[in-house]
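A.B. asks: One structure follows; several queries about it will come next.
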Amino acid sequence: MKQLWTFFFLSFLCSGLFRRTHSEKPKVVKIGSIFSFDSVIGKVAKIAIDEAVKDVNSNPDILSGTKFSVSMQNSNCSGFMGMVEALRFMEKDIVGIIGPQCSVVAHMISHMANELRVPLLSFAVTDPVMSPLQFPYFIRTTQSDLYQMDAIASIVDFYGWKEVIAVFVDDDFGRNGVAALNDKLASRRLRITYKAGLHPDTAVNKNEIMNMLIKIMLLQPRIVVIHVYSELGFAVFKEAKYLGMMGNGYVWIATDWLSTNLDSSSPLPAERLETIQGVLVLRPHTPDSDFKREFFKRWRKMSGASLALNTYGLYAYDSVMLLARGLDKFFKDGGNISFSNHSMLNTLGKSGNLNLEAMTVFDGGEALLKDILGTRMVGLTGQLQFTPDRSRTRPAYDIINVAGTGVRQIGYWSNHSGLSTVLPELLYTKEKPNMSTSPKLKHVIWPGETFTKPRGWVFSNNGKELKIGVPLRVSYKEFVSQIRGTENMFKGFCIDVFTAAVNLLPYAVPVKFIPYGNGKENPSYTHMVEMITTGNFDGVVGDVAIVTNRTKIVDFTQPYAASGLVVVAPFKKLNSGAWAFLRPFNRLMWAVTGCCFLFVGIVVWILEHRTNDEFRGPPKRQCVTILWFSFSTMFFAHRENTVSTLGRLVLIIWLFVVLIINSSYTASLTSILTVQQLSSPIKGIESLRERDDPIGYQVGSFAESYLRNELNISESRLVPLGTPEAYAKALKDGPSKGGVAAIVDERPYVELFLSSNCAYRIVGQEFTKSGWGFAFPRDSPLAIDLSTAILELAENGDLQRIHDKWLMKNACTLENAELESDRLHLKSFWGLFLICGVACLLALFLYFVQIIRQLYKKPTDDAIARDQQQNHDSSSMRSTRLQRFLSLMDEKEESKHESKKRKIDGSMNDTSGSTRSRGFDRERSFNSVNPLD
């Protein structure tokens, strides 16, 4: 920190400058390079930088007439040594630095670069904290760990794991990388359960590594992300192999430190390769190209078989080329190489032995920085271009799997398409690639040489029991109840489901049930669930409804019972009455139907009147025909034939309408007559809200808060009820006697209540949809495993058998309170019989009136003669009249048709008779005139 404050102090000494300027384009441009010569990355970078300088100097299109001169310094990843070497560079008038390699060095010399305006092009610093706002002259030519940690989080999320353990080197590189991992996991609702930091020099301390791994073994997660340096990483894997942590059940994800070693030392020594079997590794992705393949051929000639090329060697090469192209643009824009000194630094240098007067400021540093950032080129690592935040565009990683004597490519990750088995450069050509149909990763050979995906979590074998909260209910004990005489033993439907699910888990889960409640009234389930967040409970088992406010603080298993709020109210039967046959249609329907019958009859009469004799005749007859035809179509019994085309068309359509009306009427009437109708003044939750009647709810249920907060029902209307007996009494008394109009409760409780109380029923629909589940802390893997077990219970029928054991009641089921079939009684039909009887009596009455009129209107001649011959005895007259009445009733009456025909025939006979009479008279007159004849 003292060195940092020194450089901050120097930044204020910016007066009294004098300048050393090269007025012409220099023949040699000096650049520096700082990295660790002995590291895997440094060994490759040294060769790559030398080759890049050679290519720049031999290319006439870059810096024509100017040569690169590079000076390399070994920082050994030491902050102090890095600062010293950087100070030495500042004495040599360099215009740019390739490096540094390590985060600790980058943090130190970036402050110096800011003050002296010398761009730093780092090919290996992945620390995401290196911000361009804080370090404007720091340019990262590699990929940031921000993207690498995003890729790891995507892998963890893809396989459905929830918790990971992070092993990291305890310096800027490790801490900042793990912080980025934590953020990326948190954005996916995942988390780091345990962070194990190791000192960079811990590789030689076997005991410290062993103690750290033993702590990890006692934890539940089995996903380990290791973000360290090479030697430390291999030491961790060696001890993990010894402890059996490289076998079944574990998942190890290594950052790019391992892929760098795999690429540079291919193949790894057998003893090291054996310790990393099944590990997933990330490697910065570089697209394939002819330029890259040609460089690999050159590399084999340069290094032989002693050192293989890794990704960071490619980044080092591209860093030199980027600086060269930036300088080329700088010169073409008229830039000059010039340096300035501070007069104050000269004074300080003369007064001491620090030689500060030799430190110079690069006057063209800001212009060169802009030219570098504005350069676009295609190098060994693909397209080299920067985003506004100084990150490389199109970041991508290879995901490889160590198996056997080598590695397997199982997929890729990019910030454009996420996980995929398709090359990222192909997906970048699509605006929004659809990855739903393609596999995201290939099959992995996991530790233990298995293709089965590890669960990623085990129940910790540390001898501790899970503290499971159980509600101490005072009602509906079929669901959960404490066994009398015990403290931590419970029974009931919920307990049996939980026990059966736990027995299906592939690992043992020791639990201890802890009662919650005072035993006098049902406890608050929301408060009980909140105790999970405070650590009082490790879980809650019981009839706990899955509702929104609870899911925000805990995780629930798959619902093992359907639940939702319903309204229970008293009901009464509505029997079908004498006028039930009128109920299928309302008044308007009856009126419209009758009018339609008349209208169709009139229309058909109009269409048939001129052509059809059956629709002709006197007005009275035609009116009767219209009425008869209209209403006889109701039964398809009309006798009049239609002869016109239009008449037939209208009749066909009308008969189809009549068919539909008859069918609907018959179906509705059948339902009314054969099904009992149940009635309640409350039709559902909406009608209950509109009334001012009191509403009952179960103590401890979430129904109270739902009614108050969601439905805005006044608290004064809510009546707490504790037992089924209290339910029945409150409903029976009703609002007038201090009871309730209805009760709102969850369906399982209601079904159990109605199984023994048939005077009540559910009215309306279930107005919330939820279920019962077991509650555990957020992101608990146990909730996931138990959900799978509950689904298995449902599939094999065990869940239904447990339900039938505790909740199946035979005394009075809910169906008895629903609509049911019954026999038909006379009271349902006496109205029809009455109408029919009245019609019959009325017809008889009119008929007898007509007979009597005929009896007195047209007496026969024989009857008159007999009346004259007999005495006037009253009894004889009554007998005679009765005989005449009976004789008249028995006499056949001419039909109107026959009467009309008879009249016509009589008229014709009269006409012919008069003609014959007139002829006879003429003949007689003729004979009298001619007597001789």
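Every residue gets a Cβ built from N, Cα and C, even glycine.
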A.B. asks: Please identify which of PHE498, PHE585, PHE702 is recorded by Swiss-Prot as part of the L-methionine site containing ASP543, VAL544, ALA545, ARG550, GLU746, ARG747, PRO748, TYR749.
C.D. replies: PHE702
A.B. asks: For the L-glutamate site, Swiss-Prot lists ASP543, VAL544, ALA545, ARG550, PHE702, GLU746, ARG747, PRO748, TYR749; sort out which one of ARG473, ARG484, ARG616 goes with them.
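C.D. replies: L-glutamate site check in Swiss-Prot: besides ASP543, VAL544, ALA545, ARG550, PHE702, GLU746, ARG747, PRO748, TYR749, the record includes ARG473 out of ARG473, ARG484, ARG616.
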A.B. asks: Where does Swiss-Prot put N-linked glycosylation site, among ASN415, ASN909?
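C.D. replies: That would be ASN415, per the N-linked glycosylation site annotation in Swiss-Prot.
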A.B. asks: Quick check on ILE851 and SER780: does Swiss-Prot annotate them with the same topological domain, i.e. the same side of the membrane?
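C.D. replies: Each on a different face of the membrane, per the record.
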A.B. asks: Among the residues ASN76, ASN662, which does Swiss-Prot list with the feature N-linked glycosylation site?
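C.D. replies: Annotation hit in Swiss-Prot: ASN76.
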A.B. asks: Using Swiss-Prot as the reference, determine which range in 92-112, 113-133, 176-196, 617-637 is annotated transmembrane segment.
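C.D. replies: So the range that Swiss-Prot calls transmembrane segment is 617-637.
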A.B. asks: Across the listed L-methionine-binding residues, ASP543, VAL544, ALA545, ARG550, PHE702, GLU746, ARG747, PRO748, TYR749, what is the farthest Cα to Cα distance, given in whole Å?
C.D. replies: 20
A.B. asks: Can you give the mean pLDDT for the topological domain 'Extracellular' (670-828), rounded to a whole number?
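C.D. replies: On average, pLDDT over the topological domain 'Extracellular' (670-828) sits at 83.
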A.B. asks: Of the recorded positions ASN76, PHE702, TYR749, which one sits closest to ARG550 (L-glutamate binding site) when you measure Cα to Cα?
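C.D. replies: The smallest Cα gap between ARG550 (L-glutamate binding site) and any of the recorded positions is with PHE702.
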A.B. asks: Name, in the order they occur in the sequence, the residues of the same chain whose CB lies under 8 A from the CB of PRO748 (L-glutamate binding site) and which sit 6 or more residues away.
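C.D. replies: Expected: PHE479, ASP543, ALA561, ALA562, SER563, TRP772, LEU807.
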A.B. asks: Given the recorded positions ASN336, ASN341, ALA545, ASN549, ASN712, find the one whose Cα is closest in space to the Cα of GLU746 (L-glutamate binding site).
C.D. replies: ALA545
A.B. asks: Measure between the Cα atoms of every pair in ARG473, ASP543, VAL544, ALA545, ARG550, PHE702, GLU746, ARG747, PRO748, TYR749, the residues the record assigns to L-glutamate, and report the largest value in Å, rounded to a whole number.
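C.D. replies: Greatest Cα-Cα span of the listed binding residues: 20 Å.
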A.B. asks: Calculate the distance in Å between the alpha carbons (Cα) of ALA545 (L-cysteine binding site) and ASN415 (N-linked glycosylation site), and round it to a whole number.
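C.D. replies: That separation, Cα to Cα, works out to 40 Å.
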A.B. asks: I'm trying to understand the geometry here, so how far is the Cα atom of TYR749 (L-cysteine binding site) from the Cα atom of ARG473 (L-glutamate binding site), in Å to the nearest whole number?
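C.D. replies: The separation of the Cα atoms works out to 13 Å.
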A.B. asks: When the Cα of VAL544 (L-glutamate binding site) is compared with the Cα of each of the recorded positions ASN336, ASN341, ASN712, ARG747, which one is closest?
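C.D. replies: With Cα distances computed to VAL544 (L-glutamate binding site), the winner among ASN336, ASN341, ASN712, ARG747 is ARG747.
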